[in-house]
2 protein chains.
Amino acid sequence: MRTITIKPQALTHNLNQVKKRAPTAKILAMVKANAYGHGVKAVLPALQQADGIGVATLIEALEARDLGWNKMIGLIEGVFNQAEWQQAIDNDLSCVIHHYPQLEWALDNVPAIANQARQVWLKYNTGMNRLGFNEQTILDAAQRLHDAGYRMILTTHFANADDVDHPLNTIQKQRFADMLARLRDTVSQDVQGSLCNSAGLVNFPDSHYDWVRPGIMLYGSSPIKNTSANELNLQPAMDFSAQIMALQTIKVGDAIGYGSHWIAQQETRTALVSIGYGDGYPRILDKNAYVSVIDESSKQSYPCPVRGRVAMDMIVIDISSTPTTLALNSKVILWGSVPHVDEVANHAGTIGYELLCRLSTRPVRTQTSSLE
Amino acid sequence: MRTITIKPQALTHNLNQVKKRAPTAKILAMVKANAYGHGVKAVLPALQQADGIGVATLIEALEARDLGWNKMIGLIEGVFNQAEWQQAIDNDLSCVIHHYPQLEWALDNVPAIANQARQVWLKYNTGMNRLGFNEQTILDAAQRLHDAGYRMILTTHFANADDVDHPLNTIQKQRFADMLARLRDTVSQDVQGSLCNSAGLVNFPDSHYDWVRPGIMLYGSSPIKNTSANELNLQPAMDFSAQIMALQTIKVGDAIGYGSHWIAQQETRTALVSIGYGDGYPRILDKNAYVSVIDESSKQSYPCPVRGRVAMDMIVIDISSTPTTLALNSKVILWGSVPHVDEVANHAGTIGYELLCRLSTRPVRTQTSSLE
């Protein structure tokens, strides 16, 4: 069975790592993109100790409310029109305001009570050059929001927080600190600040301010270039597995799979695994990509290289390293503890975030009990 | 709104193209992997004229039965254990038998009535070297199935049908033809044959046999290397779109997005689009990747290059070519008619199949009425 298993205990462990690193900040746990592919429903119970959650779309926000999340929901792209702004008020969502149209919707329609929707995340562009007001416009925006009765969290986003030495980090931190000080001086002492995503909160402990916004580290992947999740004491929250569906021996000279690119240089024991890009396993992999095969009789795990092209519904692996008694239907780990999703992503020329998000609906979803 | 729109008329048009090319063969329409990401429920009504559908897992088969598909369902990887074999019988599924364990389950438990489950797809490995019996074992398997009362479709799978001149094609075709003749001579005159996927049925009209198994061409992508879907008179069955969520002007020297790799050489009008790899848009793209922006006032479409890294929830595009009056919330086509998904895949270093399959659950799904 193609299976995605979520581990609530790992999520809670990772959230506690955030708390350890940022003990004075509130935590907005990012659960956008269906909790980075893990499933919002599966992760929310394990993230109860977060102070709020962050989502990208109104639909995601309403789903979280439906699931009973009563604390803050931050809508990180804000709303797209006046009607959505009303829905944000009705569902007490705390919206990002990143440009003038959103500002006007907010000023035209101020929530009647001082709830979460009266607290907005005012986005400042410090160098990412995606969303946000600039140095010339943000003071005006902040003043008008304050005058209309809004509380504010000044927020920005790092472009290179994963690379601690990148020169833009210092510039972004300085711009943010300067603007927060100006807003507190000229608009309101109560303006809060939020600068750090996962990478920022690990790399820049001096910049946690009022809210940190961890995402990928909650799911047990490393947000930092050249540093593993293990080194950061993070545990993968997902186990992605399948099964061996056939065992074969390939003769010298035989090619495997589409394109016939991989050709056996020696007689090779191979196995077919019931997984493919139709499940979300990446199609493009370098020659060092591998999976772990579990031999049930010995409970041993064996690394097995992927051979030939990944197809929609199956892959071929080299099982030379496994016992010759390896059984049909043996469990195959695509990612989990070993290999870690960050490692698979490295072989796929991308980052773990993408692999997690681009899982399809085909694998069966389950979770470990809280005791495991 | 992030939206996936399915076009039933395009599906039916493409199915008719299959019928034109293979007028004498029955059609097993491949709807595995959630109909290549299109959604089984959305595509089945448009594929009513197919003779059967093909799926990869028992879950997919049961879903199609639940949706009311009463004709043949081919289970292309067969079953994984004895219990699944019983379920296949109970739901009248026509299974692939590709190795001895499946053969034994079939012989141990023969369907009582001569329904679809009594017709099996006997898989012959002619050079793909994934699934299948070999030249030494398949006669034995066929004889035993025949003796137990099964009807058979001999089947195999091309490794390089997309590349008409690949030398393995001729070898696979010959091996298949030889074995089918032998089985008909020695086992039963009633053994049927099925060799061609989409690429095979286009490239090898002499090899259609009793059943063709089109997949990707039903969805309007080209199965053939260096030949476009348009040249094959195929229509894309999916329109994947989002909206412009912010408009900006980037100054000379400003970098965009994560990694700060793309730096403006001149003042540039850009737009933020509410789409990212969290929706299934590929993260890795070459510098020629583009989207189409629709200007509502003129109904004109403008190609706009993607700038900077694709993030989880948004991308930045260069809108220099569009009117300066371009409105917020303008529609942005990620793939559809222009660009075609095959073109996007080309910029992503992969094939359209993968992009279609790896869409996430976040985009809203809809479909055009049958009149459009």
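Quick reminder: no glycine exception, Cβ is built from N, Cα and C everywhere.
What TrEMBL says about this one:
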ACT_SITE  A:LYS32  active site, proton acceptor
ACT_SITE  A:TYR258  active site, proton acceptor
BINDING   A:ARG130, A:MET312  substrate binding site
DOMAIN    A:237-368  domain 'Alanine racemase C-terminal'
MOD_RES   A:LYS32  N6-(pyridoxal phosphate)lysine
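Across the structure, A:MET312 (substrate binding site) and A:TYR258 (active site, proton acceptor) are spaced 11 Å apart at their Cα atoms. Taking all protein chains in view, 25 other C-beta atoms sit within 10 angstroms of the C-beta of A:LYS32 (active site, proton acceptor). Here A:TYR258 (active site, proton acceptor) is positioned 40 angstrom away from A:ARG130 (substrate binding site), judged by their C-alpha atoms. Here the domain 'Alanine racemase C-terminal' (A:237-368) is broken down by DSSP into helix, strand and coil counts: 16 helix, 50 strand, 66 coil. Around A:TYR258 (active site, proton acceptor), the same-chain residues at least 6 positions away in sequence with a Cβ under 8 Å from its Cβ are A:GLY308, A:ARG309, A:ALA311. Mean predicted confidence for the domain 'Alanine racemase C-terminal' (A:237-368): the pLDDT average there is 96.
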